[in-house]
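For reference, the structure is listed below as structure tokens.
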């Protein structure tokens, strides 16, 4: 609470500093060339000197203060009655924190009420100490900034350097995110592989984490059925739908359609890509799946299930159509016109030119587009969660219920298990596999696209 | 003089056959488009047919409930708005600043290559992976409140930022170098040139990309499942740290209900979500047409 | 007598490993127009851009040797390129007004350099710059129109006014008429002639007629070398070097 106020105060102080420094700089200003930097920049320079060091101090104090407060509370006689069990104790501390902020809140543990008072006292005391430290830092920074206001001081250069630092920081966020993904997946998956051997995980054909107790744990985490389901739905069924439809759409739109038709149809086709996957999932479950089940029944199948690989794959394929279409569109557009002109000039028909000249020339680009489409399809979650089912089986029957990597990740993490069980951790191992596969697909595809573009540039 | 070779019956028949093949091929292309659009039409028709009847004020202002007759979407809508607010406040400035740096200031070295590779790959990482990141980092490590718009917004911001960076770079690249020359030649510094001239000119393009990225985030469900935004929440969230649901999550939760009354609710919620998305894309197209300067 | 404004001593300019300018030394005087001529790719524009450090904006460009403005080394560490470019203005091949109003086009430079205390000052600066560029009468009633809505010739004069507005000492012009029609070109040339009273003007041109019409001194560049430099009348009537003679008689170009 106190710290939030301090943050606002620091920003206010920065504002005051801005005006003070600008005013001071204006007094020094005596026409062209009399100062290196305009008064505004002196204002910014001063404000930065107030805010940046104070913010660093604020962040540091926010990080160490809870530890200090807990230390004091634990040393308090009232804390003697707390249970030794760390998890239980943390729950009580969390409740006490709520109580300290709001005395009327409900508490399940009576101990929480007894330590709430010392907790609040300690919080207030350390909050005030922190406010004092941050205040001193802010004033020291401000004083230093103020003394530097001189006509020949290059305030603009300094401020611009700070701006550049900020820009650099923002771009490093991307690396940080990538690093965060890799680190958290590796760490949690590492915990999983302590219990389950990676070989059993990657090559085993029996997946039933629910039974995983005791020594046969390796036998229940065989992920091959999940990989198969993922490939069957995302890379086979969905692509059988998406590649012909997407490719033919692109050919029609780029080679045959009039400009006006193209201008209207292309954005409408793009709508397919903008519909949220949860909507597709619902549509698959509500409308497509029953049709497919009935169709399966007329084919004479016994007990066709409502959830089927075919329903999920079909709908996923439709979702991918605009993606394939626009990748094919780009690839076709990159082929030099002279190539198809050569074929047309020999008397080939348009379709012959497309099939014999244009498509072969655009093939690398189209293949790269398909790879990107596959990487998108196997990472897709909601459609399979809502339409594909939970049964981990190795089957080529499209009417059967089938499960995927993403489905199981959701399944493992949305229940009330404790966090460190192998069952929960298996989600991260599956995530790691998914991440690596999509990453490899993307890197190869982007490289192919780049090579392909360079070939015709 | 005519060439007799082209006037034989065989030649004529062959040309007719080839022209027929040409027509079939064209028809195939047309068929592909018609089929895709028919699927879209069917999807929209079924949602409208099932959902329109359920769209009324009580539905729009109500919150989740176990009874389909009283359940509404306001709680989830508010959750979505709060989540999007967090996402926007984080990903927009970060994305724009990163785009400026990479396009205007970045030196050519291995570190910058790494940043570029990172951004291009992040844009293609499955969204559920971002959910795993959010769960492992924000909830398990940093102890932030589960199911909250804060964590949801942070997670989606990491997912949206690469999209904004990429569109931002394209918009900045489209500003002609002559504008930069003009500003530099009257004595503007590089930073002034970028912030006074390049950025304002690139802004419509950046905003278009941002809206498209935000629309994608608004429809996202999978990463939010990972961080537990599937709570059954009866009171709308009061702030970004309260437990909350979002619109797509509400759709997912209702779709699982046994009670057939929820079919109407689910479809109606889908209509609400699609209207939001349509409006956002409409704004993006409007911005692009209205403000984009052609050079 | 005119005093020397800019001095270059043994200047080399590199783009990466490629040497674009080789050991050029030249004195440029105040109060006259100096023309740089030569076949395309001879380095005259490159050399021009090194005179106000616009080459700094090209990642792998490098300048060695010495360039002095009033005896001060413009590549010295103490020289701020921003302050330098306010003193050495530049007009480009294609008119490049900012996509803003006419008024804002002129006011931008004075504003970032703090050359006007208030709105009235700024109005005066804008009017004076536009007047000197011979554009005031044409645009005074539509200062809030977009600069990009003017005709090509007017846009180029707007760019000259924009350069003048920060009161430079030198104005560099990089083929300022190459994108203009003959009538607009004539107007710009007339303007250059008027402006030379108060500034040192350096103009790069690929038109020998233009160099003959507007300049008092001419420098002939070829393959990165300064071949000949002297009074314009001498260069065109009585060149000392064979290469110069071949060029101005149209043997190559």
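Each Cβ is built from the backbone N, Cα and C atoms, and glycine gets one as well.
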### Query
Pick from A:6-25, A:26-45: which range does TrEMBL record as transmembrane segment?
A:6-25
### Task
For the transmembrane segment (A:312-336), find every same-chain residue at least 6 residues outside the stretch whose CB is under 8 Å from a CB in it, and list them.
232-234, 236-243, 245-247, 249-251, 253-255, 269-270, 272-273, 275, 277, 280-281, 283-284, 288, 292, 358, 361-362, 364-366, 368-370, 372-373, 376-377, 380, 383-384, 387-388, 398, 402, 452-453, 456
### Summary
Most Cβ pairs under 8 Å to the transmembrane segment (A:166-187), of A:46-64, A:126-146, A:357-378, A:427-449, goes to A:427-449
### Message
Which range wins on Cβ pairs under 8 Å with the transmembrane segment (A:6-25): A:126-146, A:231-256, A:268-292, A:357-378, A:427-449?
### Response
A:126-146
### Summary
Quick tally over A:126-146, A:231-256, A:268-292, A:427-449 of CB pairs under 8 Å to the transmembrane segment (A:357-378) gives the top stretch as A:427-449
